[in-house]
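**Q** Summarising the annotation, Swiss-Prot assigns active site, proton acceptor to E289 and lists sequence analysis as the type of evidence. The substrate binding site annotation in Swiss-Prot covers E120, G252, A253, M254, E255, N256. What Swiss-Prot records for H288, H292, E311 is Zn(2+) binding site. Look at Swiss-Prot and you will find Y375 tagged as site 'Transition state stabilizer', backed by similarity to another entry.
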Amino acid sequence: MAVKRFYETFHPDHYDLYIDVDRAARSFSGTSTIHGEIQEETVLVHQKYMTISKVTVDGKEVPFTFGDDFEGIKIEAGKTGEAVIAIDYSAPLTDTMMGIYPSYYQVDGVKKELIGTQFETTFAREAFPCVDEPEAKATFSLALKFDEHEGETVLANMPEDRVENGVHYFKETVRMSSYLVAFAFGEMRSLTTHTKSGVLIGVYSTQAHTEKELTFSLDIAKRAIEFYEDFYQTPYPLPQSLQLALPDFSAGAMENWGLVTYREAYLLLDPDNTTLEMKKLVATVVTHELAHQWFGDLVTMEWWDNLWLNESFANMMEYLSVDHLEPNWHIWEMFQTSEAAAALTRDATDGVQSVHVEVNDPAEIDALFDGAIVYAKGSRMLVMVRSLLGDEALRKGLKRYFDKHKFGNAAGDDLWDALSTATDLNIGEIMHTWLDQPGYPVVNAFVEDGHLKLTQKQFFIGEGKEVGRKWEIPLNANFKAPKIMSDVELDLGDYQALRAEAGHALRLNVGNNSHFIVKYDQTLMDDIMKEAKDLDPVSQLQLLQDLRLLAEGKQASYADVVPVLELFKNSESHIVNDALYTTADKLRQFAPAGSEADKNLRALYNDLSKDQVARLGWLPKAGESDEDIQTRPYVLSASLYGRNADSEKQAHEIYVEYADKLAELSADIRPYVLINEVENYGSSELTDKLIGLYQATSDPSFKMDLEAAIVKSKDEGELKKIVSWFKNAEIVKPQDLRGWFSGVLSNPAGEQLAWDWIRDEWAWLEKTVGGDMEFATFITVISRVFKTKERYDEYNAFFTDKESNMLLNREIKMDRKVIANRVDLIASEQADVNAAVAAALQK
């Protein structure tokens, strides 16, 4: 049953917000004065964790009650029509990284804090009483007071208007949703510039960071705003776009209009020592959030079931914009290794959500943020649309969309209607089959009676219920074929004639931009494999990708995949190496640690990587290509897994040389040097040294490298010490806990310790990060590691009674299937796969 929307009772038009924060008392108080139109005499207004002292309607005090089963109050307004509702309240500062909360950091060993906000999805109600629903757009005037110290900076969605009696007044916002309101204050460092159209661009951090760490993202943000204004043909509507890095932040970033907030790792980097991959990551996060300033902020989904409208489009636009800003990066290749891979794996599990999901109960909202579906799959859908339309038609349709819906709300069909005006294709009809249905098809391509035929059927990894789903599939063939496959079966005609006309092996989904995989019969596959080494990198990646997925779904055997790896071991493309080692890594599940199969698999890794390591060496070279720079990490990691003695020796020698200056070690190789040192030369002293550096450094990339190494310890005593840090926020921040937990759990020597910890500390974990939309991914992490019947049974014993939690329900059920499939796959394939690996070593 649908839960009543508060917007049905009251339409806010403008908020006058007064908020007084007392950091010393860990609390705040204020008045939320809401101008709007009362729709029903009993008005519902959201609040959470608040003490409400008084409510007035048009200056007259009225009765109110707290909801028993919802986060809000019922106000007996006694009237309908235009009114002003004023609510006096107080509330605590939280330590959940939601609502208004402190972030903690150190400068020269001195502990400091910065106050910031996070209101998406439903946390504005923790900061001020409001109608906390996306459709309830209004303007906001913020007056902010706090226990201010000299030298502190205050930021909000809009520029500051004036300061009177210690109160900071900010200019009125444009119409926007409550979840986009933001403010922050504390000691900050900043850099600013202006776009060609005059928009103020700023990057802000704590003073733990140097000015040079802000330069890269400032440049990206400036050029991104300029690009979007041109591409959307719609001006950026605010006078400022400020980017703020918060030391504690639950998500990756948040698109608050005019004041975008980020996890430090996704905004700040040292331009003198960072990887190209990290530059790409920061650039795509910044451009993703700035794409939201139009898609999400200017035009907002009516309700959370259209979350994809915000996230999927921003996810596509981050790549489109970075490709324009830095064409030499070939950023669409990163789309193939991250978005495509994530979506195709997740979307093959029965029970997965569709991109567009009906959601009625607000308690279900945070469960919608499935990164592999709403972000990755959704963006693949929009890449399909872009491919069908072309950029000019896309821009024309988007301008129409923004012109019609700016400062308002929209649903998916509004976008399809706008885009369809720019083409003769029925975009909505095509896209509904992808957005409203979970899963995706495998297209079987085969020669029968001399004809090339295609069939489509939903693809599953593990058990799946076939319900006859059908998709409108853009075939993207490299031969004469229909643009769209609408039917379950398709006869394309005489195979030999098609082959002769094409002059090359016949393939589907060229470019890997449509959301399906292909299973070729032996005739077609043999033809493709003859040309495999001459295919472009994306096609080679796709070949490995589809073989891996088919093997996971038991429509092919991993034993047959093993010989294919050899074909690509000397590829100089980093995305092919990504696909190669992603596929090879899947073979690890069949080789128990310390077994003969494990020994053979490591030897195979050494064979696959040794020529590349010899070609590239450990140390980056002046003038080497971006491809070589990005390929080196894959082959070094593979070489170390393969226990190549020369690689282990070189890595140790590099560590010794940089032992007293590890921060200066090239970021391109630093994680592998550190991991090698911990795995092969580990000690309590080394662990203590690395965790000391972890706590002392403010460089997010260096922190990640140190964490990746520390969790690789093979010593049970050291691992127990590491696990003991999980609840110590002075060492492991809650925002980073999942990464630490995942690292120890993925370590065979630490798996039991981490599994015991999460079961023992579940109540604490839920209290600490349970309100985070990414809380469910702790379960995802577990499903990626477990592979035995015993672990499957333990998983069920622990998680079954937690299915009543709406945030966790789908994840628990899906990951149960993921583990069950892995257990079944290992049982049926292990002997054949390990035999194939052994055979590959004899060649």
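Even glycines carry a Cβ here, placed using N, Cα and C.
Show me how these features fit into the structure around them.
**A** A helical conformation is recorded for E289 (active site, proton acceptor) in the three-state DSSP classification.
Reduced to three states, the DSSP call for A253 (substrate binding site) is strand.
All protein chains shown were included, and the count of other CB atoms within 10 Å of the CB of H288 (Zn(2+) binding site) stands at 27.
In sequence order, E311, S312, N315, E339 constitute the residues six or more apart from Y375 (site 'Transition state stabilizer') in its chain with CB-CB distances below 8 Å.
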**Q** If you take the centroid of the Cβ atoms of H288, H292, E311, the listed Zn(2+) site, which other residues of that chain have their Cβ within 8 Å of it?
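**A** The answer, listed by sequence position, is E255, E289, A291, F295, G296, N310, F313, A314, N315, M317, E318, Y375.
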**Q** For a quick check of understanding: among the recorded positions E255, E289, which residue's Cβ has the most other Cβ atoms within 10 Å?
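**A** Per the Cβ count, the most surrounded site is E289.
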**Q** Looking at the recorded positions H288, E289, H292, which has the shortest Cα distance to M254 (substrate binding site)?
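**A** Comparing Cα positions, the closest of these recorded positions turns out to be E289.
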**Q** List the binding-site residues among E120, A253, E255 whose C-alpha is within 10 Å of the C-alpha of E289 (active site, proton acceptor), in sequence order, or say none.
**A** A253, E255
**Q** Residues near the substrate site, E120, G252, A253, M254, E255, N256 excluded, by Cβ within 8 Å of the Cβ center?
**A** Q118, A251, V260, T261, Y262, E289, H292
**Q** So which one is it: of the binding-site residues A253, M254, which has the fewest other Cβ atoms within 10 Å?
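**A** Output over binding-site residues A253, M254: least Cβ neighbours within 10 Å is A253.
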**Q** Using Cα-Cα distances with a 10 Å cut-off, which of the binding-site residues A253, E255, N256 are near H292 (Zn(2+) binding site)?
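**A** Final answer, ordered: E255, N256.
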**Q** Quick one: Cα separation, E120 (substrate binding site) versus H288 (Zn(2+) binding site), in Å?
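**A** Cα of E120 (substrate binding site) to Cα of H288 (Zn(2+) binding site) measures 16 Å after rounding.
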**Q** Within the chain of G252 (substrate binding site), which residues six or more apart in sequence place their C-beta under 8 angstroms from its C-beta?
**A** Y262, R263, Y266, V285
